[in-house]
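Copied over from TrEMBL:
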type: DOMAIN; residues: B:66-123; note: domain 'PPIase FKBP-type'
type: DOMAIN; residues: B:150-236; note: domain 'PPIase FKBP-type'
type: REPEAT; residues: B:302-335; note: repeat 'TPR'
type: REPEAT; residues: B:336-369; note: repeat 'TPR'
Amino acid sequence: MAVDELQAIIQRCQILEEADFKGEDFNLFQVAGQKCLEDGYASQLLEVIQNEKNKVIIKNMGWNLISPLVRCIFMYKQEDDKREHCLKILDQLAQLCNPKELFLGLLEQIEQTSGEQVCQTVMLLLQPLQTVLLKLQNKKAYSVGLSLAMIMNQLTPLPVPYTKQQIQEDKLGLCQCCNAVVGFAKPFVNEVVKSMEKSSEYSDMELKEELVKFCMKSLKYPLLTAQLEQLEGIEEHPFRHFATEIIDILWDIKELIPLVFLHHKGKSPHWENQEFADIERKNSADSLACLSYLMFVQHFGIDCFPMVFSPSYLLQCNMTHIEVLLKRTEESMLSKGLDLFESCLLRMEDNSLLHQYLEFRDFINVPQDLVKVMTLCPIEHLRKKSLNILQLFIDKFDAEGKYTLFRCLLKTSNHAGVEGYIIKNIKDQIHLSLTKACDNIWFTGHHLISLLDLVLLLPEGAETDLLQNSDRIMASLNLLRYLVIKDCESDNQTGVWTTLAKIEQNFLKPLHVGLNMSKAHYEAEIKNKKENRRETQSPNTVCSVSVSGEKMPAMTTEMQLQVLHSALFTFDLIESVLARVEELIEVKIKAVMDENS
Amino acid sequence: MTTDEGTKSEGEVQAAALAERGEDITPARDRGVLKVRRMGLPGRVLPCLLHFGVRGHVGGLHPQPLGSRQVIKAWDIGVATMKKGEICYLLCKPEYAYGSAGSAPKIPSNATLFFEVELLDFKGEDLFEDGGIIRRIKRKGEGYSNPNEGATVEIHLEGFCGGTRFDCKDVKFVVGEGEDHDIPIGIDKALEKMQRGEHCILYLGPRYGFGEAGKPKYGIQANAELVYEVTLKSFEKAKESWEMDTKEKLEQAAVVKEKGTMYFKEGKYLQAVIQYGKIVSWLEMEYGLSEKESKASDSFLLAAFLNLAMCYLKLREYAKAVECCDKALGLDQDNEKGLYRRGEARLLMNEFELAKCDFQKVLEVNPQNKAAKSQISVCQKKTKEHNERDRRIYANMFTKFAERDAKEAASKIGVEKAVEKAACEKGPKTPGAE
């Protein structure tokens, strides 16, 4: 019955000239065709379409069938014959129909799909879409760009598989789909390459620009979010493969190297509206950061990279990218940023980075970001890694650079642990200066004194929270102990003896006061707790703590006592080192006085 | 890229020949970089890597200024000895290349590198990518650091316009304040990219020169292009924001504010923007201030934003002016000047309604403000004009639309009927067509 209707309208149109087709005919054809598909007469419809006599009709009207056709294909099971017929119809339509209308029809299908069907639909329609685009006469570059942009936009909301299991499973088909899209773009890349070979002054830049846009988009999604390390047991890692292909495209159209250096020139596209320009810059910042990661960490396309640049310049170029990545909170991006930073630093020799580099804003900002990662990031291995990288960064600088960096970090980190770490580094540098023959003015004499002014003090005098700052205080005391042991008053290489009065005033005295106050306070608290324990057992919680939405159980009195005792223990520890330092100072001063007398 | 075996061995032969006959071109005379002109050697094959470096990627390589350590030392030394069009071979010891660290994955630790280099072209460096300042370095400076904004510099300069020299002097000044010594803003900007001891020629476009005003003192016309020859003898950097403590920032803010106001009064708005901008960069992100400090800081910031807004109004950068007013109003939401200036900027951006709101708020704050009153009537007048113009345009448009719609409706009726019919036949099965 449905087939009859179709035959009827076909016969009516066979005798008409192309120009005489009316809107009514289009509708009748669509309705009848759709009905054939829905009622399962796909093979009959295929026959009609393949019939040479109907060529003109199909050419004009065929595109109307795309929508019902796609719906049917998804309805049938994989092995169903009818599905096979439908696929053949799709193939035929791609060959026969007017490219312009069919292009819009296909694009509309991709636009309308959503959720779990996106990848399937895209993969189904890529082949016909490519066929049609290759046949298009006008606005080809624009249409290719539109297709790629549409496809990428549809894919972007999908979650990117991250773990090995997720990648292998590829539940939504994203891995497969991405690589299919690259295959789709290939012939257009070849076109650009060919026309570039013909003339060095490539006149039609449009297609090339569209391909660059596609690559930039792919770098941002999925590559920036994807796991790109080699995985054991997966021979062809889909995203690594995809990344290689994207880099190859950029190389083939001769845009790879210019892009690697793009940010540095601060070239912004010519938007009139500042807001658009900012968005554009922000978008491309992510993509370019990913590109750098692929090249310098994963070594994709590094063979194309001219090996003439100095390692410090490469670090400088990459600093912008590292900064972009470290500002993020997602594991995939943070770890990429850290890897990129590490790989740049490993190219350099120790002490080879000139202090003047710290005049670049990034070189001061990035270590501060690094400190944020190591103190605030919830992922442990990233925290550890960022600490290692900070050490690496410190090691690469010359003495003055280290000196400046220490000053900056002491002033900006706001974290006793980090400050303690920096102070330990300062101690190491002083040790190097004192033991090695080479003269190092930055960690002896007046430069050192001004640095010690930042170290040997209590941030808020006697009122400083000693428990909170214990890491910093212990490191400072250790440093001071080292100085008085290592440097005799007669030599005074470090200058510590000259500034001793100040140190006592700013550091040792308030520390004594603070220790006494804190100990008294905590002891009183313990006494209180113990008495209270006898009196009341009623829970009178003043406040509650919740971690990620879950309320923590209130601390029992026992636990509270334990905490208070451990605090007291810390104070004792500080006190004992403090006593040792003061003893050393006294002995040394006395020795000198004895000598003089 | 592939290096086939033949190429490799030939490269090795050439490297050996270089080691024997190459000329030592290092300043230290330690045979770290050896050079031979191409004619001197047999061979035609070039290791691809290097060829790419130069010929394949003009885009990637041409903007590398020599002597700024962007390339490995061997290249800084080697390419500087070349003439345009020359082809030469360089043999570079690791100390002049990637050293003991190497460069993963291609260059192993302690590798000696062999290059063939062809110098295709070289040109002056476009400092701000806008063609406004072109620099050609005559003698490279030492070290790496550049004067920053606010640094004190000692320079020798000669200024030329149309082939005649109009200025020649030794002068010491603060970067950003060159105008005090009749030095155009372009020199200030270029100095921030120069190194100690550098001697260079700067080609300044009018925007970076004396601009529309020209410089009658030197007989320079409006929009003249200038050429300067500058030697940076020495400089002392200004402190970076993070190096200053709050007290110092507040003290400096007072000094800088004075200077900004002085420039503003002289109509040197670009220079004034630099001074006021310093206050913002120092104080905008400063945390942990005492109550007294925070009061002082806010009052500096408020003044800075208000004055910046005024400068941008004068410079016709209205969007920036609005932004500054917004920030000023963030500190003091009823600030009369802030409201008034934002109104002005918005009026000039043709945002009449918003402008009117601002001026009305000014009157709420200070009913005596006559200027605001008259601005409101300007707004109303402009709105009216604007509306009338719109009305005329739309009136034409609407009649045209009406005519076209009528035509289309006539032709469509047939089609629509068919669609309706189809939809009825299909029933609810195909929601897509409805």
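A Cβ is built for glycine as well, from the same backbone N, Cα and C atoms used for every other residue.
Just so you know, TrEMBL annotations are computer predictions that nobody has curated.
DSSP assignment over the domain 'PPIase FKBP-type' (B:150-236) gives 20 helix, 41 strand, 26 coil. As a whole-number mean, the pLDDT of the repeat 'TPR' (B:302-335) in this prediction is 92. Secondary structure of the domain 'PPIase FKBP-type' (B:66-123) per DSSP, as helix, strand and coil residue counts: 11 helix, 15 strand, 32 coil. Applying DSSP to the repeat 'TPR' (B:336-369) sorts its residues as follows: 27 helix, 0 strand, 7 coil.
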